[in-house]
Amino acid sequence: MNIENKEITSSWFTNLRDLLCKEFEKIEEEYAQTKGLKPAKFVRSSWQRNGGGGGVMSLMKGAVFEKVGVNISTVFGKISPEFRNEIPGAELDGKFFATGISLVAHLKSPLIPAMHFNTRYIETSKSWFGGGGDLTPFYPEKNETVKFHAAFKEACDKYDSSYYPKFKKQCDEYFYLKHRKEPRGVGGIFYDYLNNGNFEQDFAFTQDVGKALLSVYPEIVRSKLFLPWTAEQKEYQLIRRGRYVEFNLLYDRGTKFGLMTDGNVEAILMSLPPEVKFN
């Protein structure tokens, strides 16, 4: 396993965490100042994995972000024999290294979309990058969806013109609730097992995916920060959040990988919304 690659990827995910948390706290401050409220701040808690490594959870519950969590983790060790065939390159000895960032934002306003993002670097006897970002509006707006996709398309096109259509398709297929026969949201991009034989290029792309999210999502949140919403709209948001829960518990690879590698359960399930209704 390449020590330098592990160090620079882990360092980037920490840096991106700091940038995202700073921007989200800034949004909370902007809203709080107009309402005479005390702005919310992220609360951080670290955890250690018994088999090796650990992570830091950053959680904020505020007036804008009902619940937003930004997790970073760097874990290593051996995958249990019963799960080794599910992770490429882990079949023989089960050794693995994984570092990454995951972010889920659930907003108080039903007019502001929920958002999920993660990027990661994994080494077994093989190595690869994966991740992506997707948007889940409860009241979709075309221009908002176009803006979100355009940010990721720009990041993709910088490296390969085939990336965006391929990764968009993979996102649409991945974030699909088969039992409901419906998509979870309006998509974005999703990629996995990315290894073009050029670590520097694949890493630079993964960094640009993070920068794309940082450029577009705060803008979307701010555009609807002060729009009024009704009790009926909030009720609909809570019901639709149920789909989020269903996907994460039934299909999400990150959830499965975290549980297979004895990750921190609180961090793994951080993506679940704070309040939800099932009808």
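Just so it is clear, glycine is given a Cβ too, placed from its N, Cα and C backbone atoms.
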Same-site substrate binder from Ser102, Ser109, Ser127, given that Swiss-Prot records Asn118, Thr119, Arg120: Ser102
Euclidean distance between Cα atoms of His149 (divalent metal cation binding site) and Arg120 (substrate binding site), Å: 20
Around the Cβ of Thr119 (substrate binding site), the count of other Cβ atoms that are within 10 Å: 25
Cβ-Cβ distance under 8 Å to His179 (divalent metal cation binding site), same chain, at least six residues away: Glu246, Leu250
